[in-house]
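Shown next, in structure tokens, is the structure this report addresses.
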Amino acid sequence: MNLNQKDDSTMEGSYRSYANFPEDELPRPSTTASTFDAVRVPEEGPSSDSPTASVHSNAEPSQPRRDREQLYRKIRGILAYFILGLCNNYGYVVMLTAASDIIGMGEGSDLVSTIRNCAQISTGTILLADILPALLVKLVLPFLPFVVHIRVAICVGVTTAGYLVVGFSNSIGVSILGVVLISFCSGLGEVTYLQYSANYEKSVLSAWGSGSGGAGVIGAVSYSLLNAVGMQRTLLIMLTIPAITSLAFWLLLPKPLPPRESTEAEAEQPADQVKLENEELSLRRKIYLIPGLMKYMIPFGLIYLFEYFINQGTFELIKFPDASISVESQYRWMQVMYQVGVFVSRSSVAILHIKQTWILAVLQGINVIIFTTDAIYYYIPNIYIVLALVLWEGLLGGAAYVNTYYRISNEVKNPAARQFSMAINGFADSTGIALAGVFAIMAHNAICTMPLPP
């Protein structure tokens with residue numbers, strides 16, 4: 001016992017003596033191996049073989065690994081939005097391309113005017129059936145809860161039904177019902193996917209623009225080429241489109257990151273600011289935002305009014321009997337050239353940004369004058385000149401679409417406000433298109449009663 005007490009007191013004295021040393025004069029451990037050396041953790045950190053290193057490696061991925069994951073997510077998002085844009089607009093384009101054929105189903109030889117060889121019903125009728133349901137959806141949907149998976153499921157199911165109705169129809173009335181179903185889903189999908197894009201990088205907007213523009217080319221060309229096997233078989237083949245939509249949304253598109261992980265910049269924001277940005281906008285706040293969005297919506301709506309009046313009000317009246325393209329096919333190939341222009345310009349936002357979109361509206365208004373006067377007086381001598389003008393018209397329309405949404409994505413900073421702005425802006429183009437359908441019917445009826453030019 002005495003020995004133990006002595007040892008304890010000796011050790012206690014040693015600790016007191018060490019405690020009195022200045023920090024820089026403390027005795028250093030011996031260079032010879034000791035018990036303390038055996039358990040001391042190396043300064044370089046844990047070795048790659050140690051369990052601790054494995055835990056840290058799994059918990060905090062290295063920067064190269066994070067970069068690869070982000071790149072993979074970005075590529076998946078771009079591909080998914082390209083496919084979604086293509087599939088969403090495909091049916092809408094096919095219905096407009098087939099408008100002349102749908103109108104001709106019950107026409108026979110009935111004409112408004114034997115002099116101008118006009119169809120009894122304007123293709124503007126199909127345009128109205130193809131846009132009014134979408135207009136209603138775009139007006140109401142931004143103010144409703146955002147339940148994305150239910151919306152996409154409705155799109156897939158109703159689009160399938162629309163193709164079947166038009167494909168098996170034997171009358172104009174039933175065909176128009178199918179067009180209405182497809183139009184409803186086109187509007188529902190556009191609003192939903194553009195709202196959802198607020199959860200991803202801005203590059204998905206360019207992909208959406210390219211995909212929706214590509215839908216015009218692919219839809220118009222595929223219908224024009226497949227039409228040789230009959231409209232029914234053509235539309236049944238197109239039932240693959242809703243299936244592709246399902247795969248792109250639920251399998252290819254990555255899930256949005258939690259708000260706190262979405263950007264590094266957000267992590268540095270005050271907590272109250274992050275909460276404000278992530279909260280749902282009230283109805284009153286949404287209505288309050290609308291006047292400030294008019295600078296985007298008015299030029300956007302005018303451009304679509306002008307171009308769809310041209311497409312559905314004048315294309316069917318501009319005919320070249322002696323051209324290498326048959327008169328029956330000229331309307332379809334004008335639609336194809338228009339969609340080519342749309343596709344090219346919608347894919348250009350990555351390299352060309354146009355802020356003054358009102359200029360595009362003015363240029364499109366000039367096109368209205370050119371096409372309308374040619375439909376009356378037939379002064380353009382060659383169909384290829386008309387096709388070049390149609391291409392130019394499509395370039396203006398596509399540029400207006402993608403640059404308007406690009407501006408909104410950059411200029412509206414609050415994420416919740418940006419999501420709403422993306423959705424409500426679609427109401428402008430649908431309003432313009434609906435008005436174009438009305439004016440196209442009026443123009444068709446007026447021009448068809450005019451005498452031929454001398």
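Note that Cβ sites are derived from N, Cα and C of the backbone, with glycine treated the same way.
According to TrEMBL, the features are:
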REGION    1-67  region 'Disordered'
COMPBIAS  47-61  compositional bias 'Polar residues'
TRANSMEM  78-99  transmembrane segment
TRANSMEM  148-166  transmembrane segment
TRANSMEM  172-193  transmembrane segment
TRANSMEM  205-223  transmembrane segment
TRANSMEM  235-253  transmembrane segment
TRANSMEM  293-311  transmembrane segment
TRANSMEM  359-380  transmembrane segment
TRANSMEM  386-406  transmembrane segment
TRANSMEM  427-447  transmembrane segment
Practice item. Rank 78-99, 359-380, 386-406 by Cβ pairs under 8 Å to the transmembrane segment (172-193) and hand me the top one. Key: 78-99
Practice item. Residue list, the transmembrane segment (235-253) vs rest of chain: Cβ under 8 Å, 6 or more residues beyond ends. Key: 76-77, 79-81, 83-84, 87-88, 90-91, 94, 152, 155-157, 159-160, 163-164, 166-167, 189, 222, 226
Exercise for review: Give residue numbers and ranges for long-range contacts of the transmembrane segment (78-99): same chain, 6 or more residues beyond its ends, CB-CB under 8 A.
Suggested key: 123, 126-127, 129-130, 134, 155, 159, 162-163, 166, 179, 182-183, 185-186, 189-190, 193, 197, 200, 203-216, 218-220, 222-224, 227, 231, 235, 238, 241-242, 244-245, 248-249, 252-254, 311-312, 332, 335-336, 339
Review point. Against which stretches of its own chain does the transmembrane segment (386-406) lie, if we need a Cβ under 8 Å and a gap of at least six residues from its ends?
Key: 194, 202, 205-206, 209, 212-213, 216, 296, 299-300, 303-304, 307, 310, 315, 318, 320, 333-334, 337-349, 352-355, 357, 360-361, 363-364, 367, 370-371, 374, 380, 422, 425, 429
Study note, to complete from the structure: Counting only residues at least 6 beyond its ends, the same-chain positions whose CB falls under 8 A of a CB in the transmembrane segment (148-166) are 88, 91, 95, 98, 102, 174-175, 177-182, 184-185, 188-189, 192, 195-196, 231, 235-236, 238-239, 241-243, 245-246, 249-250
